[in-house]
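Since the structure comes first, as structure tokens, the remarks are kept for the end.
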Amino acid sequence: MFSHLPSLQLLLLNSNSFTIIRDDAFAGLFHLEYLFIEGNKIETISRNAFRGLRDLTHLSLANNHIKALPRDVFSDLDSLIELDLRGNKFECDCKAKWLYLWLKMTNSTVSDVLCSGPPEYQEKKLNDVTSFDYECTTTDFVVHQTLPYQSVSVDTFNSKNDVYVAIAQPSMENCMVLEWDHIEMNFRSYDNITGQSIVGCKAILIDEQVFVVVAQLFGGSHIYKYDESWTKFVKFQDIEVSRISKPNDIELFQIDDETFFVIADSSKAGLSTVYKWNSKGFYSYQSLHEWFRDTDAEFVDIDGKSHLILSSRSQVPIILQWNKSSKKFVPHGDIPNMEDVLAVKSFRMHNTLYLSLTRFIGDSRVMRWNSKQFVEIQALPSRGAMTLQPFSFKDNHYLALGSDYTFSQIYQWDKEKQLFKKFKEIYVQAPRSFTAVSTDRRDFFFASSFKGKTKIFEHIIVDLSL
């Protein structure tokens, strides 16, 4: 359009009816110093509209209908001294974040940029907007890797600066150990512990030794130890079969620098049992109670005291407290009106203790400790749920509710409302556990599947200002 006027220094395009300035609109005007496009109806300016105007010192886009400018639209204007943006209708939302940052950095003199919206910033200056830091990013979960097998539990552990994952695969009769591959940036097979109808694999690290408790429905449960010379896991000891009949959950914990784990037993004949490390192996330390078909055990520190919460198919969850003198767990209370809880998980947000209680029939619950008891703060419809798992990545707190009948639902904590709100649906067939794993400054969570493929999702940060 202007290529035959290469020496032009001043261009006035005022009081016309222009609505758009396209890419390279001023191509060839290498010596242009003054460009005034005032009093038009411009709504859209393309990203490369001012490309090549390296000598431009004065630019006015005053009194148009501009709501937003594309990121870095002024990046070619090396000589810019004055910019006039008055009389437009800027939306001071995330799309304006780049302009807000550019205004703080530029050496050019720029007119005040007044906001037309959103309502809370109307007639304020863009420079005064304070919400960009926290409101212009969101998060998402995207599938990173799909593992071609079923699983029921996933546990993660760190050893010698590497990250590993132990996956219980009942149909393949394996406890598969994966490691993070720093080059390929995915999880690959590392070792395989074979067994019978494995329902849980739990890693225990003691004095740089790595043990894996392998809970089985048949043939007894066993503990394997990583053998440096064989570079694989070898059987270390058996767990007394007489006590554990139908293991449902393994929970690891420490009290006074001593290492314990508890196996929740879900058969009427079984006994949920605590095991303790005695420097040579793990031995049966305390049977918790019988005839209760326990579904889950959760170790919780409540006000500096150690507790176990046992959930059960036949009664409300009971709370056991560690007695320091007898060094045993003793009954301490229960969580009333919560029959048929499949799993209890504890988590902390902003130094406050919470519980999530999973129910297959009826609503699952989120409860908060108020220094005297656990009080309900939220009920989540959860027909067909086998797991309600809390997890956090930095300041983002989530609950994953797995369903056998429909999509699984991820909830995110809303700080203002002090509740979990629906965030994203994911499809996993018959999910049995969700496990957060972080490595190489990346965050993942594993979704085990009893009837389909195990999925690994990556937690990503999305910049809404782009």
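Don't overthink the numbers, they just go from 1 along the chain as shown.
Cβ atoms are placed via backbone N, Cα and C, with glycine included.
Note that TrEMBL annotation is computational and uncurated.
According to TrEMBL, the protein has these features:
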- 88-137: domain 'LRRCT' (DOMAIN)
- 140-182: repeat 'EAR' (REPEAT)
- 186-228: repeat 'EAR' (REPEAT)
- 232-279: repeat 'EAR' (REPEAT)
- 281-324: repeat 'EAR' (REPEAT)
- 328-371: repeat 'EAR' (REPEAT)
- 373-415: repeat 'EAR' (REPEAT)
- 419-461: repeat 'EAR' (REPEAT)
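In terms of C-beta pairs under 8 Å, the stretch of 232-279, 281-324, 419-461 lying closest in packing to the repeat 'EAR' (140-182) is 419-461. Remote same-chain residues near the repeat 'EAR' (373-415) are listed as 139, 141, 333, 335, 342-343, 345, 347, 349, 354-367, 421-428, 430-436, 438, 443, 445, 447, 459 (criterion: CB distance under 8 Å, separation of at least six residues from the stretch ends). Long-range neighbours of the repeat 'EAR' (328-371) within the same chain, counting only residues 6 or more positions beyond its ends whose Cβ lies under 8 Å from a Cβ of the stretch, are 249, 274, 286, 288, 295-296, 298-300, 302-303, 307-313, 315-322, 377-392, 397, 399, 401, 413, 420.
When Cβ-Cβ distances below 8 Å are used as the criterion, the repeat 'EAR' (419-461) is approached by residues 137-156, 163, 165, 167-168, 180, 182, 185, 187, 366, 377-378, 380, 386-387, 389, 391-393, 396, 398-400, 402-404, 407-413 of the same chain, each at least six residues removed from its ends. Per-residue pLDDT, averaged over the repeat 'EAR' (328-371), rounds to 94.
Under DSSP, residues within the repeat 'EAR' (140-182) fall into helix, strand and coil as 0 helix, 31 strand, 12 coil.
Sequence-distant neighbours of the repeat 'EAR' (281-324) (same chain, 6+ residues past either end, Cβ-Cβ under 8 Å): 213, 223, 236-237, 239-240, 243, 248-249, 251-253, 255, 260-268, 270-275, 330-346, 353, 355, 357, 369, 371. Counting residue by residue with DSSP, the repeat 'EAR' (232-279) contains 0 helix, 32 strand, 16 coil.
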